[in-house]
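**Student:** Input: one structure, supplied below.
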């Protein structure tokens with residue numbers, strides 16, 4: 001029995017994830033032992049401290065390129081970039097999660113499981129919210145970080161579950177409109193569980209085909225395996241379904257609008273920015289590392305999915321009457337653009353990474369602003385309630401308009417530079433059809449954004465226009481970060497484009 | 001001259017800041033006046049820019065911006081762009097002056113938007129980099145959208161959204177065309193691409209690129225059948241909005257066709273030229289026929305723009321020295337004349353509170369000054385020799401005949417018929433508006449004399465139309481030289 | 001039974017026979033059986049227990065869920081512990097520390113549950 005060898009573990013490479021996981025575990029201890037009155041302060045500082053420490057560790061590791069723990073984790077340029085992106089976006093979205101001025105006791109309730117509108121549920125609406133959201137967020141972020149650097153499919157699956165489970169729970173914790181919040185949580189959980197099952201079946205079939213679950217092993221196996229190609233195709237298809245579900249690609253997007261609408265807005269922001277980055281990090285890695293050599297087989301299928309995602313997402317966005325659903329469909333359409341980057345393989349990895357950062361900050365800013373428009377019922381998300389806000393709150397409306405223009409891809413915003421970079425690298429990789437569809441669909445998608453702008457400035461205010469609340473410094477900082485990055489990446493994107501170019505391709509050895 | 005070139009772009013931006021400062025201080029009137037002053041300084045700088053035209057191009061500034069996206073801050077002027085730079089600064093100044101003087105509601109904001117539009121338009125005309133060209137092209141969209149949506153007529157919102165969506169569609173097609181060029185040729189330098197005859201791109205790529213670029217620019221120009229945003233936008237826009245739209249914005253399309261589409265993909269242009277010419281002639285004829293049946297003054301002028309731009313496009317399609325020169329002169333002439341027409345239409349509507357031709361009439365008796373100006377502008381527009389409209393259209397037809405092929409000759413004849421149609425509808429308009437017994441709307445008009453603000457806005461435009469008409473070589477000389485540079489590559 | 005369509009004829013005959021068998025069997029059943037409906041026969045069948053009264057939902061005690069959950073947790077833990085126990089002396093202290101971390105993380109969950117009062121029976 002002595003022939004068992006411990007796999008070599010490079011703790012330095014794992015350090016960023018270990019820090020964040022560790023901070024999450026400490027957060028649970030705080031929850032168990034710290035006095036109630038102190039928890040909020042301790043948790044916020046612990047969470048931010050943990051994330052910042054993780055970020056520092058990533059920066060220290062920036063030139064690392066290594067495969068460790070027996071191939072379970074592959075730390076490489078794109079992986080580190082994605083980890084950094086997720087942490088930075090996570091820190092920003094924490095500003096929303098920790099906001100306590102807009103709503104007494106924060107945007108969350110303590111228990112997700114109270115039946116909606118029962119006595120217990122009504123009571124907890126008046127009580128301060130749970131501080132468990134902070135460790136949960138940390139676990140989710142750490143899971144996403146692991147997801148982006150997984151070297152084999154099983155690690156990837158574990159990471160998928162680690163970041164999904166906290167999100168399911170967080171979705172159900174909205175302080176207001178409890179029923180749709182619980183609906184969102186349940187829907188996300190059930191559909192997410194199906195997607196995980198698909199993913200796992202896919203892993204099993206691919207193991208049958210290649211005799212290994214490691215991504216590089218599958219890459220080799222594709223060339224040598226004597227098994228039926230059907231195993232490969234079916235395994236790949238099932239695996240892709242699991243991944244595309246998280247990325248909200250059509251036809252696996254149906255959960256997106258409901259969940260985005262029902263979840264507490266800070267969590268929606270976290271999902272739109274970080275989960276998107278993680279899901280596409282995973283997609284990019286799987287397709288670039290494991291299946292690059294079989295690209296001819298899957299590219300047409302994935303291209304079809306990309307086209308469907310862009311077209312359906314942008315067309316359905318036109319018909320939305322709720323700002324959160326509108327942003328949800330726009331996130332579906334953006335998933336389509338990112339899929340163009342996935343289909344284009346290595347040529348577009350850098351611009352996809354850039355896109356994730358640019359989109360992440362814009363969408364965080366947009367959701368942060370959504371949390372401000374309130375009436376006595378909580379957030380007023382129906383678009384008709386936003387009519388004429390420009391009269392009373394010009395600064396708010398101007399900033400929101402700017403973000404909408406960013407989404408629409410107008411020059412001097414990050415929306416333009418990121419789309420330009422992504423589409424031109426896709427064109428370079430001979431995906432001209434996808435680029436043309438992408439460009440045309442972004443014209444369609446510009447319509448709902450314009451609609452919101454027209455609504456803000458030109459429509460007469462309704463009978464009871466909601467007020468734009470004054471938030472604490474945290475939410476202000478989030479909005480500032482969202483708007484500032486949208487602008488800076490629109491005007492001077494060179495430095496970040498250099499960084500993503502330096503990140504290089506995924507490590508495929 | 002580099003400093004002057006930068007000043008041309010920066011002064012309007014300072015004007016916007018001045019307006020904002022005025023609003024901050026609570027004195028909107030001051031903001032409006034300051035904005036107008038800055039527009040004037042901008043015009044002064046634009047004039048000064050023309051003094052030194054020894055270099056080829058006259059002036060050029062090149063700075064790296066985002067090398068990864070092939071975007072560099074590469075601007076300059078030459079004979080092709082200078083007349084349009086001047087036109088843009090000139091019309092913007094007049095519009096700002098008109099707005100400030102008239103005391104339009106929220107006039108300072110309108111002036112800021114006009115200045116922002118001006119920055120975008122000037123940027124388009126001075127860009128020597130494809131991506132920069134696109135950036136400026138898009139910048140124009142928003143302020144124009146806001147001008148229509150904020151100060152327009154009753155159906156303004158619909159018109160504004162239609163304008164925005166058409167323009168976005170056009171600009172994104174343009175963007176795809178730019179992708180093709182930039183990724184294949186590896187540079188966004190328009191002048192270098194022109195000199196090398198398209199950066200060594202293959203025939204097929206050039207045709208694809210030209211088609212995409214031309215489609216995108218043709219929406220802006222607008223070329224039949226992509227013109228349907230234009231009548232709505234022009235009709236609903238406020239007077240100054242219509243003036244800028246017709247006077248300068250449309251020129252971004254035609255200028256882009258010459259500078260970008262023809263300049264960067266000459267081989268593609270050669271292959272696509274007959275199609276472009278046929279569409280241009282169809283536009284001339286369709287616009288003429290539609291105008292004959294128009295019942296609304298501003299709508300009529302808007303459709304007449306489609307026809308006039310048809311001549312410009314025909315000139316471009318010939319790809320000859322005479323044709324391109326005619327197109328650029330036609331651009332300037334149309335900017336002056338149609339700008340004037342829209343100013344006049346605005347004055348008529350201000351007084352009569354309607355633009356329905358059926359309810360107007362007899363303006364000659366009630367307001368002789370206004371109707372005299374309208375008569376002058378209409379005659380200039382129909383291309384009477386000695387006025388600006390003549391040269392562009394006559395030489396576009398001449399250039400088509402010069403091609404000496406059956407297709408082109410037929411097109412030339414049809415275009416000439418279109419010119420006759422233009423005469424017919426403009427005279428019909430004059431008969432309906434100025435002649436006859438005063439209609440009910442005209443009879444009830446107040447303030448029939450020309451106001452000082454109107455005289456100040458109309459006279460420079462009329463004078464410009466006269467100067468270009470009598471001394472065409474003023475614009476022809478620099479244009480011709482620059483055009484031959486573009487044509488050498490083809 | 002030959003020619004191009006011959007093999008399909010076999011299939012057709014089979015379909016007809018199958019259909020006839022179905023009709024004959026069900027008709028015979030209907031004709032021959034006794035018929036004595038009662039209320040008890042139409043209630044739902046629940047493995048020998050009385051069906052839940054009042055509504056379609058039966059509530060189970062939430063405490064069982066907690067115990068099932070804890071069981072699953074520690075069962076899984078022991079699945080990892082047993083094989084490790086067989087070989088750990090050959091792997092050195094590092095593996096002991098790593099397994100310690102693993103157990104500690106699980107214990108952390110238990111600690112949290114205890115502090116939150118999940119483990120009290122009432």
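Glycine residues also receive a Cβ, built from the backbone N, Cα and C atoms like all the rest.
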**Student:** Match it up for me: which of A:40-60, A:103-123 does TrEMBL list as transmembrane segment?
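**Tutor:** Comparing A:40-60, A:103-123 with TrEMBL, transmembrane segment matches A:40-60.
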**Student:** Restricting to the same chain and to residues at least six past its boundaries, which positions have a Cβ under 8 Å from a Cβ of the transmembrane segment (A:326-347)?
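**Tutor:** Residues packing against the transmembrane segment (A:326-347) from afar: 247-250, 253, 256-257, 259-261, 268, 272, 276, 280, 283-284, 287-288, 292, 295, 299, 302-303, 305-314, 316-317, 320, 355-356, 359, 363, 366-367, 370, 383, 407, 419, 422-423, 425-426, 428-429, 431, 434-435, 438, 441-442, 445, 448-449, 452, 505-506.
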**Student:** Quick test of the contact rule: Cβ under 8 Å, at least six residues beyond the ends. What residues does that give for the transmembrane segment (A:478-497)?
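**Tutor:** Distant Cβ neighbours of the transmembrane segment (A:478-497) are 92-93, 95-96, 350, 354, 357-358, 361-366, 368-369, 399, 402-403, 406, 411-418, 421.
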**Student:** Give residue numbers and ranges for long-range contacts of the transmembrane segment (A:186-210): same chain, 6 or more residues beyond its ends, CB-CB under 8 A.
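**Tutor:** Result: 153-154, 157, 160-161, 164, 167-168, 171-172, 217-218, 220-222, 225, 227-228, 231-232, 234-243, 245-246, 252, 254-255, 258-259, 262-263.
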**Student:** Does the transmembrane segment (A:129-147) make contact with the transmembrane segment (A:80-98) through 3 or more Cβ pairs under 8 Å, each pair 6 or more apart in sequence?
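**Tutor:** In contact, yes.
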**Student:** Taking a Cβ cut-off under 8 Å, which residues six or more beyond the ends of the transmembrane segment (A:394-413) line up next to it in the same chain?
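**Tutor:** Same-chain residues near the transmembrane segment (A:394-413) but 6 or more away: 330, 362, 365-366, 369, 372, 419, 442, 445-446, 449-450, 452-453, 456-457, 468, 479, 482-483, 486-487, 489-491.
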**Student:** By a Cβ-Cβ criterion of under 8 Å, what residues six or more beyond either terminus of the transmembrane segment (A:40-60) are in contact with it?
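**Tutor:** Those are 15-17, 19-20, 22-24, 26-27, 30-31, 34, 80, 83-84, 87-88, 90-91, 94, 98, 100, 128, 131, 134-135, 137-138, 141, 145, in sequence order.
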**Student:** Pairs 6 or more apart in sequence, C-beta under 8 angstroms, 3 or more of them: is that satisfied by the transmembrane segment (A:230-255) and the transmembrane segment (A:299-319)?
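**Tutor:** They are in contact.
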